[in-house]
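Quick look at what TrEMBL lists:
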{"type": "BINDING", "residues": "Gly143, Gln144, Thr145, Gly146, Thr147, Gly148, Lys149, Thr150", "note": "ATP binding site"}
{"type": "COILED", "residues": "409-517", "note": "coiled coil"}
{"type": "COILED", "residues": "571-637", "note": "coiled coil"}
{"type": "REGION", "residues": "1-56", "note": "region 'Disordered'"}
{"type": "REPEAT", "residues": "696-738", "note": "repeat 'ARM'"}
{"type": "REPEAT", "residues": "737-780", "note": "repeat 'ARM'"}
Amino acid sequence: MATGAGWAPPRSVERHGAPRAGGGARSKSVAPGPRRPSPFPARSRPAPDNAGSADSCRVRVAVRLRPKNSEDLAHGADFDSCVELQPESKRLKLKKNNWNCESYKFDEVFSENASQKRVYEVVAKPVVESVLEGYNGTVMAYGQTGTGKTYTVGRLGKDDPSERGIMVRALEHILSSMSFETDCIAISYLQLYLESVQDLLAPEKTNIPIVEDAKTGEVSLPGAAIVEIKDLEHAFQLLQIGEANRHAANTKMNTESSRSHAILIIHLQRSSRIKEENCRPLSNDTHDIFPDDLPLVLKSKLLIVDLAGSERIDKSGSEGHMIEEAKFINLSLSSLGKCINALAENSPHIPIRDSKLTRILRDSFGGTARTSLVVTIGPSSRHYSETSSTIMFGQRAMKVVNTIKLKEEVDYEILYKKMEREVDQLTSEMERQQKVIKSEKMQLDKKLKESEKAFHDLRLTSNMQIENLEKEKCHLESAVKKLMQALEEEKGQNNLLSEQIIELEKLLNENKQQQLENISKTKILADTSKEHEKEMGELLKLLEEERSCSSSMKNRMSVLQQQLCDAQSSAQLQESMAREFEKKLTRVTEEFTSQLQSLKKNISELISEKEVIFEELKSTQEKAQQEMRHRQGLEDQILRLKQSASDNCAEESKASCGMVRSGSGLGNAAFVSKSGKLREAVSGQRGTISKIFEEVGLPNVLSLLKSEDLDVQIHAVKVVANLAAEDINQERIVEEGGLDALLSLLETSENTTIHRVTAGAVANLAMNGSNQGVIMNKGGARLLANVASKTDDPQTLRMVAGAIANLCGNEKLHLMLKQDGGIKALLGMFRGGHTDVIAQIARGIANFAKCESRVISQGHRKGRSLLIEDGVLTWMVANSTRFSASTRRHIELAFCHLAQNEDNTCDIIASGGIKELLRISRESPREDTRNLAKKALDSNPAFLREVQ
């Protein structure tokens, strides 16, 4: 890290590995040694001259000499320079007279010719680079009025970059060193005026409270606007707004004397992993406690303080209100000096609470921030005592030692989203694998069913074929049996014929013998023999026929036997095919069984993975249940706050709606004081609600707006209304759909309490200029006017009137507001006669008239006022003196702004408004209102004629 001459670079630091309870943060620090406990986080000890390790956390002090101005040159002969610089040895000699002088050593000495760039590089650049590394830092300018503090710190130098002060250069340095993909930078710009902390970026915020964390000692300013920036041009615009709102005055010693202490707070959040890649590695102990896969963020802040100059009344010539300002400036600087003295002397008591300035700078001196101080002095001997006091302040500040700490937190939101994505991926992968397994199982089941069906069909077909073959075989066997029986019968007949033939042959032989014996009977025997031969021929013929028939029967039997063999072989073939089918089916079954076993194995593995994932999901669900129980407890806590909230609901809503704007000129000191006390009274409850918001989360709070329980719904709207009172929450509530939910409740709910609290929340959101257009585009003014027409509850009417009054402060929405009936609704709420409602009506009319007058004076619009068209002028003339002082002031201011428009002249004269203008110019308690009325009368010839 580049450093200027005499400024030691940051030393190595020791990280504390144990995270802080409840915060998930860790810190690393450089401790200067054991200290006694005090109100500050760390004690101080005398700083040695050498730049050793003990100086690494000491407050660094540089002195800058202002060049002589015209007043110094005019008194040059009478008052010589009382300061002699020795930049080489970093010393300064303060001469009281020609023979008496004292020498002082500083960390750096700047002559009157030192450039702004060199002052930044030596004083502020080491602190800025330390802030970029995650440490808190403070750069502060201290000195007599008119010695160049604001020039050194707050000079914008937009036209001449070489003139830029520490604020602009620090922002430019930080923006050039950041990565907007992972880093975030935001600023707050405040002033301490008359011991009241005011927001320079939001002038309506006054008397901002200072809150100290009892555990860590950190100082915060809840309610201050925190604006995120993306480029240097945006930063220039914000700084210009802040400078325009800062209190300054012309004194004898300075034409533009700052009358308040200005504090620029730069909030920086960076990714710890990216930072550690560019810096030294962490220790092993730190890696054990915070693994590399945890998302970490570094949170740091830089305070750049431009203190108002100390002054003497006799020299500055202050008078009137400026004396009061000088008294408070000197008082706060005196308190700061007492704290520095106590720290330098190692006193057991530090008067930190004597001033709000010392409370804000609690971390800068003796705390945990790296601090650089530049003291500015003038050369003239006329201011020797002031110069000597400033130098002694710097000398004592050099003895203060701070213990710097690094705050590193786990980004639980990113970690939760990462785990949620991983769980979703694992769940989808498990579901995908289950679907694949299910589809594969279905396909295998389908194939198995098809195989079983085919096997069953094949078995049925084979059985049928076997049965047919067996039937045919039986039929053939029965036919063969029949043929064999017929053959046996024929054989029997043949045997009989053979026996007959044998008998006939015997008879023939006997006949031959008888023929021989009986020759006489030859003829008879011959005839008989012929007949017998004829019969024997016929028998032989029959025998031949029987033999041929027997042979044909044998042939037929052989054919049948051949068919039987063929049928038996076909049956054997069918049986072999059936066995082959059985083998194939067995093989398919075995393959299916093996695949089924592998699928079961995969399923078991997936089930084990599922169990692991289920355990992780179970743990996540337990955490979610714990969060739900915590959320239920917070809801119960909201219900317990019901009684206390109802007591101060009306006053709290007044404060949160921002009904009084400090910069508009419409309030008074008494009401501002009352508002400040009210804020302090409800700060505890507001802190509780902020804590609930941080722990529950905005989406969960908004989800309660849809609850069926009316009490929960009412208190959820109250929480949203309180959150909407903070500028940092307003845009986020709209982005998360909170405005849509509130407008939906206005439209659908019939409950008076819902209408009252919802209107208050809309009024808070309407304080933001960007939200006002969104409210109008979504019909918010129409819904508010509708609620006003249906209710007579004074609290509800006051909230509705306050919301419409805030919308009246945007001149771009005037025409739309009139078309949606907003102005008529505002006047219509006068019917109840309630003082608070009438006060809001008057404020809204004043806002409308003031913005309209500004637009008309700038030439952006011409013509009669839209208020006159709705009868507002007649109402103001009739009721201008009937109400309280604050309401009358709003009406008087609105009347004066209407009178600035010449197009309203005839209406004002016709309504009798000239008398009212004359009364305001003479009797109004506010000088600016009287001047405005006189200006309207003097600049309008028609008014002058009526007066004469």
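Using N, Cα and C of the backbone, Cβ positions are placed for all residues, glycine too.
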Relative to the Cβ position of Thr145 (ATP binding site), how many further Cβ atoms are located within 10 Å?
25
Near the Cβ of Lys149 (ATP binding site), how many other Cβ atoms are there if near means within 10 Å?
27
Where DSSP helix means H, G or I and strand means E or B, what are the helix, strand and coil counts for the repeat 'ARM' (737-780)?
35 helix, 0 strand, 9 coil
What number of additional C-beta atoms lies within 10 angstroms of the C-beta atom of Gln144 (ATP binding site)?
25
For Thr150 (ATP binding site), which residues of its chain lie six or more apart in sequence with Cβ-Cβ distance below 8 Å?
Ala141, Gly165, Glu256, Ser258, Ala262, Asp306
Under 8 Å by Cβ from Gly143 (ATP binding site), counting only residues of that chain that are 6 or more apart:
Lys149, Leu307, Gly309, Ser310, Val375, Thr376, Ile377, Thr390
In sequence order, what residues of the same chain, 6+ apart, have a Cβ less than 8 Å from the Cβ of Gly148 (ATP binding site)?
Arg64, Arg66, Thr376
Other CB atoms, at most 10 A from the CB of Thr147 (ATP binding site):
27
